[in-house]
Amino acid sequence: MPRLSEIEQPDLPSRDSVDGEPPQPLIRQNSWRSYHRVTSQICHSYLSALLLLVPIGIVAGILGWADEAVFLLNLAAIVPLVSWMTLSITELSASVTPLGDELFKATLGNAVELTVGFAALARGQVRIAQSVLLGSILCYLLLVLGSCFFVSGYNKKKLDFDPTLTGILSSVLMATAVCLMIPTGLVMFLSPDVFARGNITPVTHGTAITLFLLLLVFLFFRLRTHTSYFKAIPAGGSTQSPQIAAVRSWRPAIILAASALSVALCGFFMVGSLSGFAKSSRISQHFIGLVLIPLVGNSTKILSIVTVDREDRGALGIRTVIISAVRITLLVVPCVAFLGWILDVPTFLVFDAFDTVIFLVGVIVTNSMSQRGQTNYFEGLMLVGTYVFLPLLIFFPAHMRYRTDILM
């Protein structure tokens, strides 16, 4: 089991320097200590019993059990695995470089999205891969952020936070959202003859490359030129030497490797049984990908963020939410798109019109709130209400959702 006593605090933003003084952290030193305490409690709670479902779900997939059993077993098994991966990644942060730490958080920290995206694309289920990635972003921007605003400010007139770094991150998110929507906009508004399957390929390739280049620039900004914004503070003031931390890093490394492998296997079998589960349960695959998998798969992370943000009064939540969405758009989406090149699926970045609209709305709302530097619990409830309303819209058939004749 990972030790939590020497965990280095994950990267957090800092205030700009005032009168030549070094920038001070925006978040209290005990904020991330509380976060790991809550996550550890979740790992050791009754949810740990769900670890028993990991081998059962994998065996069920190998033996070809009913799709309903395979899907539900593997989906439930992912829940505790995500918590253990979160703790392991944070423990390893003390013994790796800042670049390695960021890549750990962006890749293995989003193992569910990567695994489901790869597995769905390999099986030709492009819509599922798209839905899971967009659903995770919307879950962070609407549900998690709204819940943080509500629990932090329900007994306060307003919540104030420094908009400096938050504004930068939200601008990055807005820019990546525009890049993601370019292929979809071209296909939607121009003639199908102009952007056929072969003609859209250069556009999607260019979009994926642009997102990856933005990732490199973002890493350079975060790790080289503006490190003070993200300066880390050792939790609990630990003075343990790096050598001791490195010696003990093998324990979380083993847990992380085992958890990542288990998530990959569970995700693979879950995607393979998704169509059968959707057909037998009469739940649309779009709903499963956009809402169910992101919500259940990241449930423990959501619970930890919201619980600790209640103590931090909103400062931790908004930055955690935005940077999580940025990591998905700048790394996970291009990685899945690159796999699409290999598998000759150039249309991965051409999204559904409905998904495009709700994604842009979520990004615009988040960008607007972060620029103002203050919010309140009512705005949080509006975000949560928007997220809750989305499943109702998804249940409508496609021919009822899209009416092009009224635009003529």
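Keep in mind that glycine also has a Cβ here, set from the backbone N, Cα and C atoms.
Keep in mind that what you see is a predicted model, and the values were worked out from it rather than measured.
Here's what TrEMBL has on this protein:
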- 70-222: domain 'Sodium/calcium exchanger membrane region' (DOMAIN)
- 254-393: domain 'Sodium/calcium exchanger membrane region' (DOMAIN)
- 1-24: region 'Disordered' (REGION)
- 46-65: transmembrane segment (TRANSMEM)
- 128-152: transmembrane segment (TRANSMEM)
- 164-190: transmembrane segment (TRANSMEM)
- 202-221: transmembrane segment (TRANSMEM)
- 253-275: transmembrane segment (TRANSMEM)
- 287-308: transmembrane segment (TRANSMEM)
- 320-342: transmembrane segment (TRANSMEM)
- 348-365: transmembrane segment (TRANSMEM)
- 377-398: transmembrane segment (TRANSMEM)
Maximum Cβ pairs under 8 Å to the transmembrane segment (128-152) - stretch from the list 164-190, 287-308, 320-342, 348-365: 287-308
Residue counts (helix, strand, coil, in that order) that DSSP gives for the domain 'Sodium/calcium exchanger membrane region' (254-393): 123 helix, 2 strand, 15 coil
Intrachain residues whose Cβ lies under 8 Å of the transmembrane segment (164-190), provided they are six or more past its termini: 13-16, 26, 200, 203-204, 207, 210-211, 214, 218, 229-230, 318-319, 322-323, 325-326, 329-330, 333, 349-351, 353, 356, 359-360, 363-364, 366-367, 370-371, 373
